[in-house]
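A.B. asks: One structure, pasted below without further comment.
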């Protein structure tokens, strides 16, 4: 069908002679003509003038033909077609290259603007409005956390043995002990993290057992090791957490104010606009990432403020606090090798130790003393600091004088000017109390200022860790294991028989029995006054799924454009290799070598973008731990994270680069003309990248090790390339293995690109002075490709890509969980 005229080409292979009737055809034939087939090989052609001629010459009323079924020919394959000269692509090449560079310039300007806009956060201390602050306490039910006889076994080893305790709303509980005592394991169990061993015991909230889902919604957990996005600033990191965790009803401004207030409390407003950074990158300093003694106090004080002002229950682990930090703890759990040495109010600790004959010496840091006591097999050495504060700031003890008279030097170094430090500390603490007034209840003894109450339990308010208390740690006798075990057993048995543990057990049993019996469990104002509520705990509604998606999409997009090398590498690679391919395959010819070049450029582009998708593996690997922890804390749904990752990571890095390269290559190489073919070419490239990135993301999710995931992805790419149709002729594949072609997305993409380009192309091969017309469809069939398989290949690419992403999400949802 050419220019609204239907053309037929008949091959008369049974004619015995020929006669020239050109003049008749030119002068007499006026139509209309009719071509009719009634059955197999029973066709006739009729035209009035032609019928008269045939009747006169042969006696037949029409031209009768024995025709086999044929096919419609493209207009370029009709005999006599004259191929027009190739158009000049110079303007198109200039416009395409200019458009690509204009896109890059616009992208750079957009990134600069976003970066400048992100860095313009307000400074100073911002108070949270009262009406918005009230939303944090709306329908809040204070939670008393109780746990009884907690045990944990892993690998046949008892990590925890019969640990019990109570912490009330508004209190801060510290879990302390030497390394390997089981502190982190206990905290994980109290937070109901997934543990790989066997967990025993009971956990109650306000005297009730709470379902796992409900419990997770009201518990926040801060890991010992930070896992943060290195491309985000300190402010953005806290802001995203606030947007995902704070009540849905709070406005954005109120959440931002709360973030600024928190940073002000922590004293990090000065670094709020600095990036978290990674090793070897310019960011906040290593010291700013760690806690010195001063900032450690700030953090613990913020926990106390959180507990007091918002009536929250806080439990933490700490290894070796200063004495002023230790004084902030309301409740204390002391552990040693999985055993419970003490569980109760901090102020009663020294009294309990005194009954066991191990009272803390005056002036000794209680935190250090406890660790020495649980690990040391004998009494502390005589170098224990029993310092008295002299008027001139000197430290005088009778034993020190005796040692100096005997010519022996002390076994430690004293800290000079201890009175000056004490005065400075009391002044600082007083100023902090004025900045953050606390409404302490009579029964809450976790916050103490001055030296009176500290001295009552043997705590020096001036000491800062081991060195500032002027003591030396007594080493545990590793060789004398029996003595160490006996010493620890005395401490454990002593607490088991104490009235403190019995009182803890009675409180837990009373709370549980009161709820079972339907009683309100006590008088108003007691720790059980809220148990008559219809539910044990309450929580506010957090961000909706749509809000989660927008927040995560914004974070993902920032993570991409702030990693310039990753984005720059993809875009520059596409542009440079596009120019290189355009130069190598410039104005490809319409002959057999031109067909080979077309196959080469298509296969090269598929291989390039297939292997470039491997860059998604380390990208997800860096976020895996962050995702696991944020998911465990209930920040968002796996679906919203996955969708944001797919749309705002894969689209900028997997969809735009092939479009940039395709714009350059298409006109420079001189591929088939037509907007329809141009669009079909881009559709295949985008779908191929979508599928390749899907399989790489799926493998990256399944395999946690980056090296293993990289190896598996490379093998998948090589396997798909092998059955792509270029390295191995499809017709030569054994029948029993031919089904492997259906697993190759290279095969579908490569075939679709060739079909779109070659099917209606008439190739001319010149041999020995002769021009041989070779239909493109014939060459495709020689290589095992089907000229009608374009849309089927596109469909298969879309299905394969969808399956890969679906499997990746299912694995992410059910298998990528926190396991400790």
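Numbering starts at 1 and runs along the chain as displayed.
Cβ coordinates are placed from backbone N, Cα and C, and glycine is handled just like the others.
These figures come from a predicted structure and were not determined experimentally.
Pulled these from TrEMBL:
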type     : residues : note
TRANSMEM : 91-115   : transmembrane segment
DOMAIN   : 145-362  : domain 'ABC transporter'
REGION   : 382-417  : region 'Disordered'
COMPBIAS : 404-414  : compositional bias 'Polar residues'
REGION   : 429-481  : region 'Disordered'
COMPBIAS : 429-441  : compositional bias 'Basic and acidic residues'
COMPBIAS : 442-454  : compositional bias 'Polar residues'
TRANSMEM : 568-588  : transmembrane segment
TRANSMEM : 600-621  : transmembrane segment
TRANSMEM : 641-669  : transmembrane segment
TRANSMEM : 681-703  : transmembrane segment
TRANSMEM : 709-728  : transmembrane segment
TRANSMEM : 797-814  : transmembrane segment
A.B. asks: Which stretch, 91-115, 600-621, 641-669, 681-703, 709-728, tops the Cβ pairs under 8 Å count with the transmembrane segment (568-588)?
C.D. replies: 641-669
A.B. asks: Restricting attention to the domain 'ABC transporter' (145-362), give the mean pLDDT.
C.D. replies: 88
A.B. asks: So, does the transmembrane segment (91-115) come close enough to the transmembrane segment (600-621) to give 3+ Cβ pairs below 8 Å, pairs being at least 6 apart in sequence?
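C.D. replies: No; fewer than 3 Cβ pairs under 8 Å.
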A.B. asks: Cβ under 8 Å to the transmembrane segment (641-669), counting only same-chain residues 6 or more beyond its ends: which ones?
C.D. replies: 89, 92-93, 96-97, 99-100, 103, 548-549, 552-553, 555-557, 560-561, 566-567, 570-571, 573-575, 577-579, 581-583, 585-588, 597-598, 601, 605, 608-609, 612-613, 615-616, 619-620, 627, 631, 678, 681-682, 685-686, 688-690, 692-693, 697, 805, 808-809, 812
A.B. asks: Against which stretches of its own chain does the transmembrane segment (681-703) lie, if we need a Cβ under 8 Å and a gap of at least six residues from its ends?
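C.D. replies: Distant Cβ neighbours of the transmembrane segment (681-703) are 605-606, 609-610, 613-614, 616-617, 620-621, 645-646, 650, 654-655, 657-659, 662, 666, 671, 709, 712-713, 716-717, 745, 749, 752-753, 756-757, 793-794, 797-798, 800-805, 807-808, 811-812, 815-816.
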